[in-house]
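J.: Pasting a structure below so you can have a look.
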């Protein structure tokens, strides 16, 4: 089973993916996580990504993104492992590259309004140890500024600051909205209301998967 979750930053792709992977024996493929892992390396690819200023909200070019994503996806296909794609593809060129070697079974579009996006993104804080995600509006830690799991001090990523969020959403509108139009003609395209709580978004998708196996 090969699933794509598509939607703007803050629509809940990562959180929904985590819930789905726990209950459906799926692997979570997040280009964001892949890039963060690469940035910890001392490699030419890491240096190229750093030069792009990802923390400032800019997207990594298609050529590099396709290379990183294909490496991860090829390995899963080789091992016949079901997976969820989160954050890839984001552009028409990326989608066309993916279609060369991967036939998606489900394409879930997380539809959400701009006001809710800003609330979610600018209120998001993360744990540096376990990568746990909190939000000051609807998913607060038990102790302000402290992770529930390991008591590490939470931090806000640079790309979750208001200025960077605005840049990310502008980039999304420019590059990813055409991608949604591309996928809308696909019979495997399913629109999900992502303005509702993450748990309800997950339930909608999980129920759809159960009913359409």
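Each residue, glycine too, has its Cβ placed from N, Cα and C.
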J.: Tell me which range among 30-60, 61-91 Swiss-Prot lists as region 'NMP'.
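T.: That would be 30-60, per the region 'NMP' entry in Swiss-Prot.
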J.: May I ask you to find which of 124, 188 Swiss-Prot records for the ATP site already listed with 10, 11, 12, 13, 14, 15, 133, 134, 196?
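T.: As annotated by Swiss-Prot, 10, 11, 12, 13, 14, 15, 133, 134, 196 share the ATP site with 124, chosen from 124, 188.
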J.: Between the Cα atoms of residue 124 (ATP binding site) and residue 90 (AMP binding site), what distance do you get, rounded to the nearest Å?
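T.: Their Cα atoms are separated by 22 Å.
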J.: Across the whole of the region 'NMP' (30-60), what does the mean pLDDT come to? Round it, please.
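T.: When the pLDDT values over the region 'NMP' (30-60) are averaged, the result is 79.
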J.: State which of the following binding-site residues has the fewest other Cβ atoms within 10 Å around its Cβ: 10, 12, 14.
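T.: Looking at the binding-site residues 10, 12, 14, the Cβ with the fewest others within 10 Å is that of 14.
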J.: Provide the number of Cβ atoms within 10 Å of the Cβ of residue 150 (Zn(2+) binding site), excluding the reference atom itself.
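T.: Here the count is 11.
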J.: Indicate the candidate from 88, 134 with the smallest number of other Cβ atoms within 10 Å of its Cβ, considering only these binding-site residues.
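T.: Across 88, 134, these binding-site residues, the one with fewest Cβ atoms within 10 Å is 134.
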J.: In whole Å, how far is residue 157 (AMP binding site) from residue 134 (ATP binding site) when you measure between their Cα atoms?
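T.: Between the Cα atoms of residue 134 (ATP binding site) and residue 157 (AMP binding site), the distance comes to 12 Å.
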